[in-house]
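Q: Pasting the feature list from Swiss-Prot:
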- 431, 432, 433, 484, 599: L-homocysteine binding site (BINDING)
- 431, 432, 433, 484, 599: L-methionine binding site (BINDING)
- 641, 643, 665, 726: Zn(2+) binding site (BINDING)
- 694: active site, proton donor (ACT_SITE)
């Protein structure tokens with residue numbers, strides 16, 4: 001039985017972010033729809049050919065998405081929210097963009113669909129909306145068209161579909177409450193139709209993704225898999241595909257299904273290959289996810305070979321990435337600035353395809369010399385001075401319980417802060433960043449390329465900070481920010497100023513829609529060689545009598561939004577970052593900055609997928625935040641910001657952070673998230689986001705007032721702040737001014753109404 005290679009998916013955006021540029025040009029009205037579609041076709045063709053040349057036997061088709069693959073599935077099923085529907089019921093690419101970005105077919109504003117994290121990754125999906133009695137039909141044939149494209153190019157392919165049970169699990173009920181699982185019988189005919197169309201095209205295998213099978217699902221949801229797959233059986237071979245965790249706890253459910261193969265993530269799960277082999281039906285194919293699709297590290301192929309070799313020849317076997325390579329940068333070969341030693345430790349998506357080919361060849365032949373050669377740099381890394389810092393390890397070992405305790409409880413601190421800042425009721429602020437204009441980006445780029453000297457760069461940044469302060473004072477905001485003109489990305493900026501990180505030139509990965517991020521890579525112990533944010537915060541504060549917030553990205557978020565080391569625990573990395581940023585808090589305070597925001601938007605998304613593993617993670621995650629913040633004096637107000645969050649199941653931990661003020665993203669969920677804070681009787685101050693910064697829509701004064709009144713029904717008004725959902729980096733100045741002016745006006749109206 002010859003072993004084959006395949007990937008579960010490939011990055012969509014292009015090596016030079018071609019998809020992002022084409023999307024944004026189309027949205028701005030600068031290019032035609034046909035030009036956008038052409039870019040998509042070219043990217044797909046290139047990526048299929050690149051994977052094939054790298055040694056992939058079965059190419060994924062259907063992993064490409066114009067915005068998000070869950071949203072693509074919604075369109076496939078005809079699941080379009082009423083507010084985004086065309087009058088004639090037709091569906092096109094503009095429908096898809098309206099759902100993701102927030103527009104009605106008329107061009108009028110309409111709330112975008114909710115967006116949240118894809119399991120525990122840094123990718124976001126558009127949450128499907130379900131209503132009672134909803135109808136489904138095949139309305140969007142993108143998958144079939146792309147299958148035809150790939151077949152016309154002569155490729156051997158494996159279409160990819162998001163499975164029906166996971167699709168329902170990922171969605172939310174809108175309107176009258178009901179059990180969304182009851183819709184399963186209604187969506188299955190569409191899946192049957194799609195599989196029939198694939199069978200007509202001669203497709204042998206379909207990858208059907210059911211990552212919900214790695215979760216601790218309610219029994220009713222586990223029970224739903226059997227009837228669902230009974231309905232889908234018989235037209236093509238189905239590779240039931242799971243990832244991000246192991247499947248052993250749900251294996252009894254899985255082995256009862258009428259599928260022909262199972263993909264398991266052997267990186268992030270604890271599944272034992274021998275046990276899987278023993279328990280799976282003898283005629284099933286096992287797809288072994290041996291190469292990590294979520295990181296940038298070169299794999300120890302000798303270890304992978306040993307992990308799987310015992311079952312070679314005993315059952316049909318494929319080797320694969322653990323999950324889609326969507327979460328990895330595309331190509332290491334274009335990284336020209338990484339030094340040779342560090343570069344030898346990495347593998348990006350194309351190199352991971354090459355790793356799979358090496359592994360396949362060794363497993364098929366029994367010859368392992370190439371694996372040993374490939375894995376040699378990994379042995380060298382274990383002893384590199386770039387990795388270990390004795391001073392950091394010593395400081396980490398010396399942490400005590402006192403290091404994570406503020407001097408006094410919140411009630412005492414709040415009195416000191418009220419006396420210091422004398423803020424009005426409904427105080428207004430923003431989350432941190434202001435629009436990153438072409439001028440700002442050009443300034444940073446010129447400095448980075450050496451076309452601008454340090455003095456001129458600093459003069460330019462200072463001018464943008466000054467303008468941000470002037471704008472905020474003109475708008476009448478109460479607590480100001482410096483606008484972060486000097487920062488490219490909230491994690492990358494800190495990583496650049498901390499020892500232990502390295503950066504890539506083209507290591508882009510998709511975050512959502514057209515947004516891409518270039519995560520730093522943690523290669524060693526982390527420390528702060530010098531202050532990072534103090535100079536610009538101090539300068540901004542010198543321009544105004546109003547308080548200016550110091551802005552830090554928190555330790556758990558820096559960890560979660562970086563590619564972490566694999567040789568130490570995530571807890572170790574988080575606490576090393578916390579100690580480095582603790583020194584930054586002390587320096588900001590000494591420089592006269594009275595309000596310091598420590599953003600932790602990633603705290604919840606870092607949760608393990610299984611609830612039984614949550615407590616240990618939350619314990620060290622909260623401790624890391626507190627180590628970071630606890631050096632602050634009582635009169636220094638510590639803020640934190642979180643977004644894309646569901647809080648009700650971690651409220652104890654949110655409260656345990658002991659931040660004086662928490663700002664959260666709530667507008668897309670119509671203040672639903674505040675239910676958690678009300679039920680918990682959250683004791684500190686809260687800023688519920690009053691408008692969605694991911695949408696270009698400008699909220700009206702009335703809209704914001706209505707949201708704030710709704711918030712005040714749940715949280716005492718004296719503890720409420722007024723702010724947008726998130727930073728304003730991706731917006732333009734005209735819409736930012738208009739939205740903030742309406743926000744400030746709404747706050748003033750509520751003060752007068754008291």
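In case you wondered, yes, glycine gets a Cβ from its N, Cα and C as well.
Show me how these features fit into the shown structure, please.
A: Counting only same-chain residues six or more apart in sequence, the Cβ atoms lying under 8 angstroms from the Cβ of residue 431 (L-homocysteine binding site) belong to 481, 597, 599, 641, 663, 689, 723, 724, 725, 726, 727, 728.
Taking the Cβ of residue 643 (Zn(2+) binding site) as centre and 10 Å as the limit, one finds 25 other Cβ atoms among all the protein chains shown. In the three-state DSSP reading, residue 643 (Zn(2+) binding site) counts as coil.
Cβ neighbours of residue 694 (active site, proton donor) (same chain, under 8 Å, six or more residues apart in sequence): 101, 102, 112, 115, 725, 726, 730.
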Q: Same chain, not part of 431, 432, 433, 484, 599: whose C-beta falls within 8 angstroms of the C-beta centre of the L-homocysteine site? Give them in sequence order.
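A: Everything else in range on the chain: 430, 481, 490, 551, 597, 641, 726, 727, 729.
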Q: For the L-methionine binding site, please report the maximum Cα-Cα distance among 431, 432, 433, 484, 599 in Å.
A: 14
Q: Give me the non-local Cβ neighbours of residue 484 (L-homocysteine binding site): same chain, 6+ apart in sequence, Cβ-Cβ under 8 Å, ordered along the sequence.
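A: Non-local contacts for residue 484 (L-homocysteine binding site): 432, 433, 434, 490, 493, 551, 727, 729.
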Q: What's the most sparsely packed of the binding-site residues 432, 433, 599, 665, 726, counting other C-beta atoms within 10 A?
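A: Output over binding-site residues 432, 433, 599, 665, 726: least Cβ neighbours within 10 Å is 433.
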